[in-house]
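All remarks here apply to the structure that follows.
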Amino acid sequence: MSNKTKLWILAGIAVLLAVVFMTIEAGGHWDYILPRRGRKLIAILLTGTAIAFSTVVFQTITNNRILTPSIIGLDSLYMLLQTVIVFLIGGTALTMMSKNLRFVLAVGLMVVFAMLLYRMLFRREGRNIYHLLLIGLIFGTFFSSVTSFLQKLIDPNEFLVIQDKMFASFNNVNSDLLWLSLVGVMLVALYFARFTKYLDVLALGRDHAVNLGISYEYVVKRMLIVVAVLISISTALVGPITFLGLLVANVSYQFLNTYRHKTLILGASLVSFIALTGGQLIIERVFTFSTSLSVIINFIGGVYFIYLLLKENKSW
Amino acid sequence: MVKVRGVSKQYGGKKVVDNVSLEIAKGKITSFIGPNGAGKSTLMSMISRLIAKDEGEVLIEDREIGQWKSGELAKKISILKQSNHINIRLTVRDLVNFGRFPYSQGRLNKEDEAYVDEAIRYMHLETMQNKFLDELSGGQKQRAFIAMVIAQNTEYVLLDEPLNNLDMNHSVQIMKVLRRLVDELGKTVVLVIHDINFASCYSDYIVALKDGKVVKEGTTDEIIEPSVLREVYDMEIPVQEIGGNKICVYFA
């Protein structure tokens, strides 16, 4: 089966699930149900794409299949930045400030941090992914601890402002940011287009990429910015889903069996959309909202993560 | 012409390469030899811009490597390191195709295909060109990587221990191919090599390094001499002439 056929099959499943998701048990209240479910579906599409996209890019530039932006704590960082913004600006100024502006501000800070990350992770020679993994896990925990510490200090009234952001999920989509995020993801994809071919080469590793004439520093820095923006978008919309990226990226590597990033990213985004829409359908119809999608995704993804770690451990 | 002028590199306060200057002759095979930790690989990585140098300059066609556009440099000089672990699944042909990236940016035209075919033929990989790299033996894999570098068709070819982990037969095959690259296609080949007998039999020039410094450089005849080798390796290495080649007998 060619990769084209596989992508069409994935697209078919995705469309089918989307239709089911929109129409199931509608009970005729279309004007109420369609916009509500539509918003959710767009959020799923955006988050799924953003996470799959950023994970594949990140794994290629770090040359590994275990680390993802979420696992090294980028989504915890986004939460921390949001909290810090609320904490520092606070009070009346905050009510004047739109959610969109705060979002843009946090994204800007994420980009700054991505550059720091570059210095830490890529400038040093002889890095090793277990080292990165360790640093990432420590940072992730550190970020979430600082976040919750700051939240304890924040005035309860101000806390309400970030609370909805902290507990965003697929059942509580941050829909104010939906359109801005949509534009954001599209701009990133557009910007990314001319880098696709470089990523194919970067997958060979740094030395080969440099040998083949890639300006390594230039490309990797820009790719980290892409990753930072995409992670901000997905976290802002539905909150952190740590292991989704790991799951969908690896499933698509296995399924598509190519090194071409155009195909890989498209495939991973479709797998991601299918997993989220399908998962959400099960949550809503089978579990009747008694659990949340991130719990299930993290459970499956976490088990898979341990499996990957054990497997890699053997081969090295 | 590649000129290296006063190049140094330190790691953690220790100078791995210390103020090295040398010139690499065009259209010849030059081998870097020396004990472990002499800085051979580091020097080669700096010449090919894989790692940044702390001091000095490397001139390729009289232009500092920092002044070159990376994409242009990739058409001039290529490097293959000794460990080539790739964690994506590629066929031999996919890999060799990558060698054309500097010219085609991933979209191969007829001319690129011809170069790829040629490189595959050169390394005798025709029958296994559609096999995946992880199905190949170490020697076959090494040949596939060398084929990629050949497809890259650069004037200068730098190879860091290309014989690493290869048996005698494959080692000889590869050295013969390198010799042909130089004699037939006029390439300039630079090698880091551990087996001084391979260096002796196949290279035109030898640069002997020790503790990050050049001990001596010259033609193969000048370097493969007990007095020079003693200084480099700190051991007695008798040299005998067998079949017109100088062979070092250091095993017992």
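First residue shown is number 1, and so on along the chain.
Each residue, glycine too, has its Cβ placed from N, Cα and C.
These figures come from a predicted structure and were not determined experimentally.
Within the chain, the transmembrane segment (A:6-29) has long-range Cβ neighbours (under 8 A, six or more residues past its boundaries) at 37-38, 41, 255-256, 263, 266-267, 270-271, 273-274, 277-278, 280-281, 285. Look at TrEMBL and you will find A:6-29 (among others) tagged as transmembrane segment.
Summarising the annotation, TrEMBL assigns transmembrane segment to A:41-61 (among others).
Under the heading transmembrane segment, TrEMBL lists A:76-96 (among others).
Look at TrEMBL and you will find A:103-122 (among others) tagged as transmembrane segment. With a threshold of 8 Å between CB atoms, the same-chain residues lying at least 6 positions outside the transmembrane segment (A:103-122) that come near it are 61-62, 74, 77-78, 81-82, 85, 132, 135, 177, 180, 184, 217, 220-221, 224-225, 227-229, 231-233, 236.
Residues 62-64, 66-67, 71-73, 76-77, 79-80, 83-84, 87, 120-121 of the same chain sit 6 or more residues outside the transmembrane segment (A:128-150) yet have a Cβ under 8 Å from a Cβ within it. Per TrEMBL, the feature transmembrane segment maps to A:128-150 (among others).
Per TrEMBL, transmembrane segment is recorded for A:177-195 (among others).
Per TrEMBL, the feature transmembrane segment maps to A:223-251 (among others).
For the transmembrane segment (A:263-283), the list of distant contacts is 3, 6-7, 10-11, 13-14, 17-18, 20-21, 24, 40-41, 44-45, 47-49, 51-53, 55-57, 170-171, 196, 244, 247-249, 251-253, 255-256, 289, 291-293, 296-297: same-chain residues at least six beyond its ends, Cβ to Cβ under 8 Å. Marked as transmembrane segment by TrEMBL: A:263-283 (among others).
Per TrEMBL, transmembrane segment is recorded for A:289-310 (among others). Same-chain neighbours of the transmembrane segment (A:289-310): 65-66, 71, 169-171, 238-244, 246-247, 250, 275-276, 279-280, 282-283, counting only residues six or more beyond its ends whose CB sits under 8 Å from a CB of the stretch.
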